[in-house]
Amino acid sequence: MESSRIDWIIANERNYYGILGIPRDADERDVRRSYLTLALQLHPDKNINNKRAGEAFRAVGKAYAVLKDKRMRMIYDEGGVDRVHGLDAEDLSIKNLMAALSKLVAAKVLCIVARRAHAVEILRQRHGWVDAFTSWGPADDFACLQKSPREAARRIVRKVFISVFMFFLCVSVGHTFLQFIRRTPNEGSSEEPYRRLSRYNSNDTGATFTIRVLRGGKMTDTVIWRPSSISENDARALVLQWIHEMCPTEKLLSWASRERYNRTATLRVGRKLRAAPSPNRALRRKWAPKGWKVKFQEFFPITSAEDLYVPLPLCEGVG
C-alpha cells in the first residue's frame, strides 16, 4: 500500500468509514470485504520494517470492530468515537469531566429504571450512548435477544385489542341504526305530526278555515291558516287533535297559576279548609323551633294578576 494512504489512515483514525473506504449506508458484507482487503495489505507480517503500517493496521481493526456491530455502529453514527469509547484520556478538562460525570450518573439511573421495568432492550435501542458508561450482564443481553418475540407479542396484543374494539363499535352502530329504521312515526316527538301545518316556504299563501272554540263563555269562530300542501279536512283534524292533547296541560298550568296567586291551596269548593293551617303559614309557632330544616316549603311566587299564566288562544276557554 502506498505510504500516503497509510499516513491518511493514521491521521484520520477517528473516521471509521473513511478508513475502510465505504459509504455510511454500506451493509455488513461490504464492511467485512473492505476490512479483509486492508488487513491483508497492512498486516505486520507483510510490513516488517514499516511501523506506520502496523499503526494503520490497528486503526483498521478498531474501525472494523465498531462498524461490524450494529449497536456500536449506531452509537458511532449518533455521537462519533467519543460515545463509543467514552471520555478520551487526552482531554481531561473540568467541563468534559463534569459532562462525563453527569452522563455516568444519568446512565446508571436509566439502567436501574430499565431493569426494574424490564425495558433494557428499549433503553439500548433508543439511547445507545448509555453503553459507553454501563456494563451489561448476561440477563441484559438475553433481554435484547428476546426483543423480536416481545415486539411480535405486542403487535399481536395491539391487533387483538383493535379488532375487539372495532367489533363492539360496529355492533353498537348497527344496533343504533336498526333501532332508527324500525322506529315508527308514533315514537317520535309529540310535535312531529303538527309540522305539516308549518310554513316552510315564505311564498306559500296557503288558505284559511274557521273552527269554533270556547272564549269568554261563548263559542266563537277562530280563523286558522293552513299551507296549500294540506287539505282543509286534514288541517282541521290536526287542530282538533292538538286541542285534545295540549289544552289539558294548559288547564293545569292556568289552575296552578291561580292557586299560587289566591293562596287557597284548594280546588275552589267555596269553603275554607277544616284542617289546621300549616306551621309554615302560621304567624307564631306553638312549639319551640327544632334544629332540622323543613322538607317542604310553601311559597307563592305570583304576587299580582299580571303574573298569571296566559293559556294559548285555542285553549282560553278551559278551566
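The count begins at 1 with the first shown residue.
Each residue, glycine too, has its Cβ placed from N, Cα and C.
Taken from TrEMBL, the feature domain 'J' applies to 15-80. Secondary structure counts, DSSP: the domain 'J' (15-80) has 47 helix, 0 strand, 19 coil.
Per TrEMBL, transmembrane segment is recorded for 160-181.
When pLDDT is averaged over the domain 'J' (15-80), the result is 84.
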